[in-house]
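Colleague: Got a structure for you, questions after.
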Amino acid sequence: MWEALDDFYWTYQSLIHAIGVNGILALSVYVVLAVGQLSLGQAAFMGVGAYTGALLTVKFGVPFGVSMVAAALVPALLALVVGGPTLRLTGVYLAIATIGLGEITRIVFLNWDYAGGALGLSNIPERGGIAAIYGTLAVLLVGLTLVARSRVGRAMEAMREDEAAAGVMGVNLPRYRLVALVVSSAMAGVAGCLSAHVSSFIGPNEYGFEAAVTILSYALLGGIGSPLAPVLGSTILTLLPEVLRPLADFRLMVNGLIIVLAVLFMPRGILPWRIARTG
């Protein structure tokens, strides 16, 4: 039995890692959406975390734990700096602004010779692995579930459902928005660092607009009724290409069709709000 499990792990190692990393990314975008903000900057923050952690490990031989902390702090500081101007925007305008942030970040990585430039950064030592990825995912999932059931969670729900009413009730809207952006960016940075140290390579084009939309789609598919919902969405979307592999060239089309149908017929996600709230 153990031999069979070992064979399964080594066969699907990359997929297992991707499910965990994408689960963390799904939680990061959940935090922003939970306060009623639409951000497409998670891929940029993931990239900042990936490059921060990888450079510290490759260039300076820093221990993996320290690289992880730095990979959380640097994107968080970036979010703190850009949060003031961008969080005055709402809805599609905020989304456009964060797309711009993502493109700026990608161009910086693309032209930064010290970090490999267009060729990316390779030979990143393998660190962390499945234990670090799923340990981080579990801690974040439990932590955010506890927050969702607390007074802070109720304030976030009020902001998401009716921002004006939440403000009248005394919720400090700018503070909640900024904290949500900073926390979510730190989570995305950690996901980037974990991913970099299991794939052994990162490149600037991995953190562009396509990645940003993919991360957002995790929450669109799963819903934001609870932290578990977007993780479920990310797991499904990560597994779909593998499940649809027999369809060859048609698998991307079927993948997209499934997402469109899910959003059309389950606008609150596949894990409905009432079920998520009572679960």
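Using N, Cα and C of the backbone, Cβ positions are placed for all residues, glycine too.
Heads up, here are the entries from TrEMBL:
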TRANSMEM  12-33  transmembrane segment
TRANSMEM  40-58  transmembrane segment
TRANSMEM  64-83  transmembrane segment
TRANSMEM  90-109  transmembrane segment
TRANSMEM  129-148  transmembrane segment
TRANSMEM  178-203  transmembrane segment
TRANSMEM  215-240  transmembrane segment
TRANSMEM  252-271  transmembrane segment
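For each listed feature, how buried is it and what is near it?
Modeller: Long-range contacts of the transmembrane segment (12-33) within the same chain, counting only residues at least 6 positions beyond its ends with a Cβ under 8 Å from a Cβ of the stretch, are 39, 42, 45-46, 129-130, 133-134, 136-137, 140-141, 144, 160, 180-181, 183-185, 187-188, 190-191, 194-195, 198-199, 215-216, 218-219, 222, 224, 227, 229-231, 233-235, 237-239, 242.
Under 8 Å from some Cβ of the transmembrane segment (40-58) lie the Cβ atoms of residues 25, 28-29, 32, 64, 66-68, 70-72, 74-75, 78-79, 95, 98-99, 101-102, 104-106, 109, 114-115, 121, 123-125, 127, 184-186, 188-193, 195-197, 202, 204, 206-209, 211-216, all in the same chain and six or more residues away from its ends.
Long-range Cβ contacts of the transmembrane segment (178-203) within its own chain (Cβ-Cβ under 8 Å, at least 6 residues beyond either end) map to 14, 17, 20-22, 24-25, 27-32, 34-35, 37, 39, 41-43, 45-54, 57, 64, 67-68, 71-76, 78-80, 83-84, 87, 116, 118-129, 132-133, 136, 140, 156, 215.
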